[in-house]
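*Asks:* Would you mind keeping the following structure in view while I ask a few things?
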Ligand SMILES: Nc1ncnc2c1ncn2[C@@H]1O[C@H](COP(=O)(O)OP(=O)(O)OP(=O)(O)O)[C@@H](O)[C@H]1O
């Protein structure tokens, strides 16, 4: 085991408070810390303002305060090829992608991790709210202790070899405590607002953003039995369970998106939050990653189908082609193809996959897309 002072840790620094405190804590613990800012997206606006430049300025300020070296690296091409192309392809296929999961898998914990290792780093640290624990020869990933901030949902694709090289120094801290540490140490980012939304869209209007890349094809909006309710602006703008932006007024219960017919370019809507068509009994997931051991038999565990939901009890059964069938112990509402399904046993994240098909009464729901 190397001495801490001889152990080089690259900290992925975003210019936010979490990664600033990550670097601070590691430096206080005596590691040889290097800060690296990664630029993934050219977001210069029409006035020449670029939030990445402002974020990098914050990285520089914090690294100067901590007296650690810093660099900027550009992964725009890799991000475009691996994350943005996937993002557009999924929307084209009528699904709702999760670019954060893909960014963690392909960029932060692959391209960026490899880069850090090539610079002689022993570890890559980030400000994610998750924990790594070594049990015998294996690494487990545990939820962050702050329930409200836990990010294991987005980290479900990490492998053993990646976990052996990463540190999440904030995993055992509540966010409030992280802000407090930042203030007490006068970090330049102590009061910086948390980032929200998908990183490359930022605060922009989602529809406008997407329409720059995918042509919108307006079409009909009908009930599942074909009763016309209005027009949609393009199927990619809608997701299962969505209520806002349908433009169906009038008396009675609100309307929700229950499905899409890509071939006919029809958006299906039905009335009322608890409409039976929004509920399903099971799903099929693909692209599975099992963090500890491959799934060889049926297990009972809990699952999340979206970030920030409470865990649901499920039974997971391996089926053909490395896929799994996930059976819900209680019917679930608005399960969305393209999103991640992530499995847990207590505090341990077992891994996860991509929601591919929705099942009701033992049959795939053909109307969800
Ligand atoms: N542009 C970037 N360059 C390097 N590392 C990054 C970058 N963006 C995010 N990270 C790393 O990934 C972690 C989680 O990213 P996320 O986007 O969830 O940030 P966050 O929770 O808002 O954290 P922060 O407060 O540090 O911005 C960050 O704490 C940081 O370590």
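Note that Cβ sites are derived from N, Cα and C of the backbone, with glycine treated the same way.
What TrEMBL says about a protein is an automatic prediction, not a curated fact.
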*Asks:* In TrEMBL, 12, 13, 14, 15, 16, 17, 18, 19, 127 are given as binding ATP, so which of 38, 102, 141 is in that site too?
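*Replies:* Candidate listed by TrEMBL for the same site: 38.
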*Asks:* Just to verify a number: CA distance, residue 339 (site 'Interaction with tRNA') to residue 16 (ATP binding site), in angstrom, no decimals.
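*Replies:* Cα-Cα distance, residue 339 (site 'Interaction with tRNA') to residue 16 (ATP binding site): 26 Å.
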*Asks:* Can you count the other CB atoms that lie within 10 A of the CB of residue 339 (site 'Interaction with tRNA')?
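*Replies:* A 10 Å sphere around the Cβ of residue 339 (site 'Interaction with tRNA') contains 23 other Cβ atoms.
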*Asks:* Across all the protein chains here, work out how many other Cβ atoms are within 10 Å of the Cβ of residue 14 (ATP binding site).
*Replies:* 22
*Asks:* Using C-alpha atoms, which one of the recorded positions 12, 18, 199 comes nearest to residue 128 (site 'Interaction with tRNA')?
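*Replies:* With Cα distances computed to residue 128 (site 'Interaction with tRNA'), the winner among 12, 18, 199 is 18.
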*Asks:* Rounded to an integer, what is the Cα-Cα distance in Å between residue 12 (ATP binding site) and residue 199 (active site, cysteine persulfide intermediate)?
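*Replies:* For residue 12 (ATP binding site) versus residue 199 (active site, cysteine persulfide intermediate), the Cα atoms are 15 Å apart.
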*Asks:* Based on DSSP, tally up the residues of the domain 'tRNA-specific 2-thiouridylase MnmA-like central' (207-269) by helix, strand and coil.
*Replies:* 8 helix, 20 strand, 35 coil
